[in-house]
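Asker: The structure is given below, and queries will be raised subsequently.
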Amino acid sequence: MSEGSPFSCVLDARARLGESPVWSVAEQVLYWVDIKGRTLNRFDPATGANKAMAMPEDIGSVALVEGGGFIAAMRSGLFLVDTDGRVRERLAANPEDPAVSRFNDGRTDPAGRFLVGTIDEPKAGGQAHLYRFDERGLVPLVGGLLTSNGLAFSPDSTWLYHSDTPAFTIYRQRYDIETGTFSDREEWVRLTPTEDDRGRPDGAAVDIEGCYWTALYEGGRIQRYSPQGELLAEFPVPARCPTMVAFGGADLKTLFVTSARDGRPDDELAHLPQSGGIFAMRVSVPGLPEPLFRRPVP
Ligand SMILES: O=C1O[C@H](CS(=O)(=O)O)[C@@H](O)[C@H](O)[C@H]1O
C-alpha cells in the first residue's frame, strides 16, 4: 500500500497514457493500453509479468472478442487484433479527421455491440462523438463532445453512463439493450473545478450494486457514486492522473487503475514517481465480468 493511499502499484509501467484496463475472466489477466506509447499490454498479476505488444498507431481502447483477440479503437479506425497483437482487419474508419481526432474510451455492451467515442484533440468546440459499432456499421449517437469517456452500463443494462472529461460532467441515459439505442441524455454528476483541483471524470466501471466508479484525471483519486448520483467514497491514488478503473481478480473484487505520466511536471513526477503505473486495491463489492464483442455477421 502506498502512503496515504489504499492502492498499491502492481506494475511500475511508466506508461505515457495508460488506459482501457480490461479484465479477462478466461485468462485471469489484465489487458490495458498505452495510448501514446502505442502498446497493447497483457499483465498477469499472479506473476507480475507484463507483455507489451507494439501497435501501429495511437490505441485508445480495446475490448475482448468472442472467440479470441480484440477489437482495438485506434486513431484511424476500429480494427480486429489477434491474441499476439497482430492487426488483422479494419472494421471501420474514423469518420473524423484523424489528424485532430482519435478513438478514445470504448466498451462492449451486454449484447456484444461496441460503443466507442473520440477525442477532439485541439478541443475545438466539441467535434468529438460517441458511436455504436455493430451489424449496422459505425453510427454516431452523440455529438458535440470534447473527450468521450466513462462508458459503463448498469447491472440490468437499463442505464448507459458516459462522460465528457473536459466538461467535468457524467451523463446517463436509458438504454435499450434490444436495439442498442438510448433516450436523451441527462446530466447525472457535474464536478466543480477549483484552482487547486481540476479532477475530471475519466474512465469508469460499475459494480454489482450499480455504483459507478470513476477515475479523476488530474484529480489524483477514484470516486464511487450511488445509482442516484450521490458521492459515496473517494480513494486517493499515487498518481495525479488516474485514467480508468476495472474490476478483476478471481472474485472481481480487485480494482485496477491505469494512469498517465505524459506531460506531467517534473516536481509532480518526483513526488509521484509511479505515475503511469497500474495500481490495485481490494474492494468489498465486486464488479461484473466484461461482455465480449460479437463480430457482426455480414
Ligand atoms: O487523452 C486523454 O486525455 C483525457 C483528459 S482531457 O480530455 O485532456 O481532459 C483523458 O481523460 C483521456 O482518457 C485520455 O485518453
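Backbone N, Cα and C atoms are what each Cβ position is placed from, and that goes for glycine too.
Keep in mind that what you see is a predicted model, and the values were worked out from it rather than measured.
Positions annotated as domain 'SMP-30/Gluconolactonase/LRE-like region' by TrEMBL: 17-261. Residues or ranges marked as divalent metal cation binding site in TrEMBL: GLU19, ASN149, ASP202. The substrate binding site annotation in TrEMBL covers ARG102, ASN104. Annotation comment: TrEMBL describes ASP202 as active site, proton donor/acceptor.
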Asker: So among the binding-site residues ASN104, ASN149, who's got the most Cβ atoms within 10 Å?
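Answerer: The largest 10 Å Cβ neighbour count belongs to ASN149.
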Asker: Output, ordered by sequence, the same-chain residues six or more apart from ARG102 (substrate binding site) with a CB under 8 Å from its CB, or 'none'.
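Answerer: Spatial neighbours, sequence-distant, of ARG102 (substrate binding site): ILE35, ASP58, GLY60, MET74, ARG75, ASN94, THR118, ILE119, GLU121.
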Asker: State the Cα to Cα distance, in Å, between ASP202 (divalent metal cation binding site) and ASN104 (substrate binding site), rounded to an integer.
Answerer: 11
Asker: From the binding-site residues listed here (ARG102, ASN104, ASP202), select those whose CB sits under 6 A from an atom of ligand 1.
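Answerer: Only ASN104, ASP202 qualify.
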Asker: Round to a whole number and give the Cα-to-Cα distance in Å for the pair ASN149 (divalent metal cation binding site) and ASN104 (substrate binding site).
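Answerer: Given the Cα positions, ASN149 (divalent metal cation binding site) is 7 Å from ASN104 (substrate binding site).
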Asker: If one measures from the C-alpha of GLU19 (divalent metal cation binding site) to the C-alpha of ASN104 (substrate binding site), what distance in angstrom results, rounded to a whole number?
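Answerer: So the alpha carbons of GLU19 (divalent metal cation binding site) and ASN104 (substrate binding site) sit roughly 9 Å from each other.
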Asker: If you draw a 10 Å sphere on the Cβ of ASP202 (divalent metal cation binding site), how many other Cβ atoms land inside?
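Answerer: A count of 28.
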Asker: Including all protein chains displayed, how many Cβ atoms other than that of GLU19 (divalent metal cation binding site) lie within 10 Å of its Cβ?
Answerer: 26
Asker: Which chain neighbours of the divalent metal cation site, leaving out GLU19, ASN149, ASP202, have a Cβ atom within 8 Å of the mean position of the site's Cβ atoms?
Answerer: ASN104, ASP105, THR147, GLY150, THR165, GLY203, ALA215, TYR217, THR243, MET244
